[in-house]
Amino acid sequence: MNLLDLDRQALKRLFADLGEKPFRATQVLKWVHQRRVTGFEEMTDISKALRARLAERVALRLPEVLAEQVSEDGTRKWLLRVDGGQAIETVFIPDSGRGTLCVSSQVGCALDCSFCSTAQQGFNRNLSTAEIIGQYYVAYDQLTGTGEQITNVVFMGMGEPLLNLEAVIPAVRLMTDDDAYGLSKRKVTISTSGVVTMLERMREQTDVSLAVSLHAPNNALRDELVPINRKHPLERLIPACAAYIADKPHRRITWEYVMLDGVNDQDHHAHELARLLGDIPSKVNLIPFNPFPGARYRCSPRGRILRFVRILQSHGLTATTRVTRGQDIDGACGQLVGKVQDRTRRQQRLVQRELRREGR
């Protein structure tokens, strides 16, 4: 068992099994996540006998840093080896007064969004809680001495977090535990492409911030861009999102909308999007499309993006354009790929699809 898999509740269960008091969980949380201790022998306020028993039951294993890239804008991307020898990518984005860590939740992605490089890599497996919180642990260590620190976490790396809630929720609990990393729940954002059934379960287990990868204002277009929409259409997704913040005063949903030239960026799309969101407390984040090899889309012109923003604002919506960060190291939105042994044969199907289009 990996010690990083255990949040406070799991640690209490472990110590109960060992006949120990619940306060031991607090001790271990502080040693591991705040004092950065990786061996039980260094936990000096725990008896030698208990340390030995713990060592028999659990060990602390971290993802291995295979490579680090630093962008001209200060964005950092790490390639991390996880169990089984595959690799994921984690990105740190510095900004004035804040630092956002973008973590992955799967090796590859179980979904098949047509504009996302990660999706083209296929899918292998879910990450464990240890592999998710391990990204935070490693990033914290890598940033030591740089003057940068993690103030926010977004689950916007590789994978669909809501298809891995069993591992994501304990990781979130560790991030927000005052005896571990102590982030405010408002500073942690889980992004989903719209797995409605899991969104309802997420609402029962946490109240961190929610972002939704929307990308289209109607079902016909969203079916094409975000295929999971065929199973979880907008008439189910939008009410589920509204319900998530219904009992959370002063909270709002962030809607992610990638701008694709001639596809979803016309005036009528903006008006339709405003009608779709209605009076739900919202922020629309327009994302300039980040190209990748083989992509069949282009980014909307800047003038078109600004016009889209103005139309949304005319409807009373808060709308912003995301500043692209880390593009020179392929660390921007939709560009993370890692090293994935595809179990879905998605890459092979994509090649065959392109050959058919070219008439070969």
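Even glycines carry a Cβ here, placed using N, Cα and C.
If you look up Swiss-Prot, you'll see GLU89 marked as active site, proton acceptor. According to Swiss-Prot, the domain 'Radical SAM core' annotation covers 95-330. Taken from Swiss-Prot, the feature disulfide bond applies to CYS102-CYS333, supported by sequence analysis. As annotated by Swiss-Prot, [4Fe-4S] cluster binding site applies to CYS109, CYS113, CYS116, with the evidence given as sequence analysis. The S-adenosyl-L-methionine binding site feature in Swiss-Prot is assigned to GLY159, GLU160, SER191, SER213, LEU214, HIS215, ASN290. Taken from Swiss-Prot, the feature active site, S-methylcysteine intermediate applies to CYS333, supported by sequence analysis.
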Model confidence over the domain 'Radical SAM core' (95-330), averaged pLDDT: 94
GLU160 (S-adenosyl-L-methionine binding site) - helix vs strand vs coil (DSSP): coil
DSSP three-state assignment for SER191 (S-adenosyl-L-methionine binding site): strand
Fewest-neighbour residue among recorded positions, criterion Cβ within 10 Å, set CYS102, CYS113, CYS116, LEU214: CYS113
Closest of GLU89, CYS102, CYS109, CYS113, CYS116 to GLY159 (S-adenosyl-L-methionine binding site), Cα positions, recorded positions only: CYS109
CYS113, GLU160, SER213 screened against GLU89 (active site, proton acceptor), Cα within 10 Å - retained binding-site residues: none
Maximum Cα-Cα separation in Å among residues GLY159, GLU160, SER191, SER213, LEU214, HIS215, ASN290, which the record lists as binding S-adenosyl-L-methionine: 19
CYS109, CYS113, CYS116 filtered to the binding-site residues whose C-alpha is within 10 Å of ASN290 (S-adenosyl-L-methionine binding site): CYS116
Cα-nearest neighbour of SER191 (S-adenosyl-L-methionine binding site) within the listed recorded positions, CYS102, CYS109, CYS113: CYS102
Of CYS109, CYS113, CYS116, i.e. the binding-site residues, those within 10 Å of GLU160 (S-adenosyl-L-methionine binding site) when Cα atoms are compared: CYS109
Nearest-integer angstrom distance between the alpha carbons (Cα) of CYS109 ([4Fe-4S] cluster binding site) and CYS102 (disulfide bond): 15
Spatial neighbours, same chain, of SER213 (S-adenosyl-L-methionine binding site) - Cβ under 8 Å, 6+ residues apart: CYS113, SER191, THR192, SER193, GLY194, VAL226, GLU256
